[in-house]
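S.K.: Below is a structure I'd like to ask you about.
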Amino acid sequence: MRLLRRRHMAVRLVMVGSAFVLFLFILQRDVSGREQATEKPWLRSLVSQKDHVLDLMLGAVHNLRDSMPKFQIRAPEPQQTLASTNQSCLPGFYTPAELKPFWERPPQDPNGPGADGKAFQKKEWTPQETQEKEEGYKKHCFNAFASDRISLQRALGPDTRPPECVDQKFRRCPPLPATSVIIVFHNEAWSTLLRTVYSVLHTTPAILLKEIILVDDASTDEYLKEPLERYVKQLQVVQVVRQQERKGLITARLLGASVAQAEVLTFLDAHCECFHGWLEPLLARIAEDETVVVSPNIVTIDLNTFEFSKPVQRGRVQSRGNFDWSLTFGWEVLPAREKQRRKDETYPIKSPTFAGGLFSISKSYFEHIGTYDNQMEIWGGENVEMSFRVWQCGGQLEIIPCSVVGHVFRTKSPHTFPKGINVIARNQVRLAEVWMDGYKEIFYRRNLQAAQMAREKSFGDISERLQLRERLNCHNFSWFLDNVYPEMFVPDLKPTFFGALKNLGVDHCLDVGENNNGGKPLILYTCHGLGGNQYFEYTTQRDLRHNIAKQLCLHASAGTLGLRSCHFTGKNSQVPKDEEWEFTQDQLIRNSGSGTCLTSKDKKPVMATCNPSDPHQHWLFI
């Protein structure tokens, strides 16, 4: 009897062994089958059926195993804990010692020019100093005289961020990824460029800084050639790579990214200063989700005094990026839904667009979503294009308020465009054609140069970008407006009339004048056919809009012509009578509220009693 049991035991062992070998063979075939199934959808159902068979077989093996006598041949294995599933990093949080900066800042002179981020001040100027200051403004469009006298390694004073930012801790698992900092420059002032570099070295944890890559976009200033190369050798992790031909920001950043070795790319402009703890919150968010593109809270370094606008602990009004229908980037306060979502300043801000100058992104994700459009030239539009692409293709744009970086905002660019400023319109046409679907017509009505390029197909080949959109299975632009930026007012896709409003009595066009965001009087000006200040739309809601950037409406309150923010903003709103206009068959424009008509008097637009026989009340969209 005992012998029979032993024979049965041997048979069972053979059966278990055979079943296990067969199981391993099928499992190996299953792996290759799954790889094919991801590429061939018709195989997915077969793989699913195979999964069911494997489950049954595995169950049979387990049943045979469990029916066998149990032999205690080793000590019980300890229960695996959650922490042991990831042996590559330690539990808990990074300590301040672990996050020590790459370089400690040298002792500071509290009375030095611009110390602790304070403004540079000077009361008396010699003729030579005045000349130097003026030349600095002319060359760099900021006060290079002041910058040159402020320490390259100046401190920015105590950490004034909100307490929850100062006290924020960062988990070791998943570990914070290291970053390559990429800084593009073209004829940048020596002091602002090097202060940016030192700022990174003095505020970035050594374990997180892989390298700083300075990308020279064909600078012509001699001090940025061999002297710069010689200087940065002492900075250990800093290298210079160069474009021999001026190609602009986009290709320069692509060059920097191509040589970067870290997991994360961090792009900065060449006139920045980083505040306490600026990098860790950016990297922590990417460690959580590599499809998030993160920007710091960008504060102002005054272009005249180089005063650093420090963060405040309470009461800051946060902003996010937006765009208008001329595809210009801008800022706006957070909508109520975003304010309610955030519990404190450690919460990211969801942003429809980003400024594009300062941000961090996973290198692998940067490559996955198509880096930059390398057929865009110099700069202009690349940030809006990337904003649309990230959101529409499954990623997110966020601003991290606890990360603070200062930036010198200039009122104009000191650099020329080798191919003229037409490159901006060309870049914008490329992004409109790839990402905006039918909504691109709203943009083309506001930019006649871009519309002409689109008609003439003079914006280059976009086939690769269209293939990228298809390959990534990206959402359409309607989805972006509905889900990412529902606050965006969408003008009529096909307004009743649009263009310039020409007065037939004086042969001039209605014009809003310079920098008129409402409240300033309108004017009549020679018709120039360029849109801009002379662009108007008569909508299906019967309001008359100047909406290149903001949605501004003509109104005739108390018989006076004016311009103000439109009352009709979509759902749950309507056009008030003083913003409602009627275009008559006699070419009059009558206001529904006052009953008066738009007329020209002394070459100024005013409201007057309607008179169909007066040519100064005859208007035509051209």
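Cβ from N, Cα, C; glycine included.
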S.K.: According to Swiss-Prot, Asp269, His271 bind Mn(2+); identify which of His407, His415, His475 is listed for that same site.
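M.R.: Answer, per Swiss-Prot (Mn(2+) site with Asp269, His271), from His407, His415, His475: His407.
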S.K.: Once near-sequence residues are set aside, which residues in the chain of Glu514 (UDP-N-acetyl-alpha-D-galactosamine binding site), 6 or more away, have Cβ atoms under 8 Å from its Cβ?
M.R.: Asn533
S.K.: Roughly how wide, in whole Å, is the group Asp511, Glu514, His528, Asn533 that binds UDP-N-acetyl-alpha-D-galactosamine, by largest Cα to Cα distance?
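M.R.: Comparing all Cα pairs, the maximum is 15 Å.
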S.K.: Measuring Cα to Cα, tell me the gap between Asp511 (UDP-N-acetyl-alpha-D-galactosamine binding site) and His407 (Mn(2+) binding site) in whole angstrom.
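M.R.: Here the two Cα atoms lie 35 Å apart.
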S.K.: Tell me the Cβ contacts of His528 (UDP-N-acetyl-alpha-D-galactosamine binding site) under 8 Å, same chain only and six or more apart in sequence, or just say none.
M.R.: Cys509, Gln534
S.K.: By DSSP assignment, list the helix, strand and coil residue numbers for the domain 'Ricin B-type lectin' (507-622), in that order.
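M.R.: Going through the domain 'Ricin B-type lectin' (507-622) residue by residue, I get 9 helix, 46 strand, 61 coil.
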S.K.: Taking only same-chain residues 6+ apart in sequence, whose CB is under 8 Å from that of His407 (Mn(2+) binding site), what do you get?
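M.R.: Non-local contacts for His407 (Mn(2+) binding site): Asp269, His271, Cys272, Ile298, Val299, Thr300, Ile301, Gly357, Leu358.
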S.K.: Compute the mean position of the Cβ atoms of Asp511, Glu514, His528, Asn533, which form the recorded UDP-N-acetyl-alpha-D-galactosamine site, and then list in sequence order the other residues of that chain whose Cβ is within 8 Å of it.
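M.R.: For the UDP-N-acetyl-alpha-D-galactosamine site, the extra neighbours are Val512, Gly513, Ile523, Tyr525, Gly532, Gln534.
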S.K.: Going by DSSP, is Asn476 (N-linked glycosylation site) part of a helix, a strand, or coil?
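M.R.: Asn476 (N-linked glycosylation site) sits in coil per DSSP, no helix or strand.
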S.K.: Please identify which of Asn476, Asn533 has the densest Cβ environment, defined as other Cβ atoms within 10 Å, among these recorded positions.
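M.R.: Its Cβ has the most other Cβ atoms within 10 Å: Asn533.
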